């Protein structure tokens, strides 16, 4: 319910979009992290260009803020084509999708964010477009209605989602390339923070960039947001370079701890530890205990905590690990 208000939320914020676009890499050679994805996409793109074909349809999934839109833009740039952007909830009617598809040039990219939220009627129109580059359109109404087929130019559909499991099998099976984005390591994030600091004209030391990177929850979008807040702190509270000390003071003031946890993460972990004796606890009980929706816990709070080894999923529910106890200076009673 309050995810949008969190400083370390990985969700996009409209007022940040302009700055984020300016800091995004444009080509694969500028793309940092995700080495397996980068290597595979380089081969797929080169092969498609060598054949003179459109790139196969691409599904990109993973937690928010890891660069799905950035990768889609890079693909379009590397292929030398235009990209049209929309999102699942926006495409309410079949005609909305048809209008986009009929305006594509050969090999263009159509990027659909939140593709798991497509309506069934729109999805049905998408199937023949993806498979046969054809569009089935109904003309007229009632008994006089008839279907006509329109040929489409070869194009690449790039779908992005945080919930790949919510895609229907027929849609998922039509993607020739599927890429999962993982959380970034600290070294890659530090490089990204340094590059963003250059774009913003900041004097950021190695220690300063490291402090921002290690608290950014493995997520470039969060790293860039924290960097901007550290910049604000530095402009008011200090002079000169943003050092490790300045970054630490700023992030401590913002209540983002050394693991990148904010009060919601700490609330979740302490609920498991204090209210449920470390677990296991069912998701519904945990959601009620902290006043959040189960989807928020599952999609927003848990992934990073599980990846970092602070929560363990078991058949009987969630458990706090020894890492979680140590983070709060506690000892688990056996």
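Here the Cβ of each residue, glycine as well, is placed from N, Cα and C on the backbone.
Swiss-Prot lists 24, 65, 68, 69, 70, 131, 132, 133, 174, 184, 221 with the feature ATP binding site, giving sequence analysis as the kind of evidence. Counted within 10 Å of its Cβ, the other Cβ atoms near residue 24 (ATP binding site) come to 19, all protein chains included. Secondary structure at residue 24 (ATP binding site), as computed by DSSP, is coil.
Cβ neighbours within 10 Å of residue 69 (Mg(2+) binding site), excluding its own Cβ and spanning all shown chains: 20. For 69, the entry in Swiss-Prot reads Mg(2+) binding site, with the evidence type sequence analysis.
In the three-state DSSP assignment, the secondary structure recorded for residue 318 (DNA binding site) is strand. Taken from Swiss-Prot, the feature DNA binding site applies to 294, 313, 318, supported by sequence analysis.
What Swiss-Prot lists as region 'Large ATPase domain (RuvB-L)' is 4-184. On the 0 to 100 pLDDT scale, the region 'Large ATPase domain (RuvB-L)' (4-184) averages 91 in the predicted structure.
Residues or ranges marked as region 'Small ATPAse domain (RuvB-S)' by Swiss-Prot: 185-255.
Marked as region 'Head domain (RuvB-H)' by Swiss-Prot on the basis of sequence analysis: 258-334.
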Protein Cβ atoms within 10 Å of residue 221 (ATP binding site), excluding its own:
22
Which one is it, among the binding-site residues 69, 294, 313, 318, that lies nearest to residue 221 (ATP binding site) by Cα separation?
69
Return the count of C-beta atoms lying within 10 angstroms of the C-beta of residue 68 (ATP binding site), excluding that atom itself.
23
Check residue 174 (ATP binding site) against DSSP and tell me helix, strand or coil, would you?
coil
Of all the binding-site residues given, 313, 318, which residue's CB has the most CB neighbours within 10 A?
318
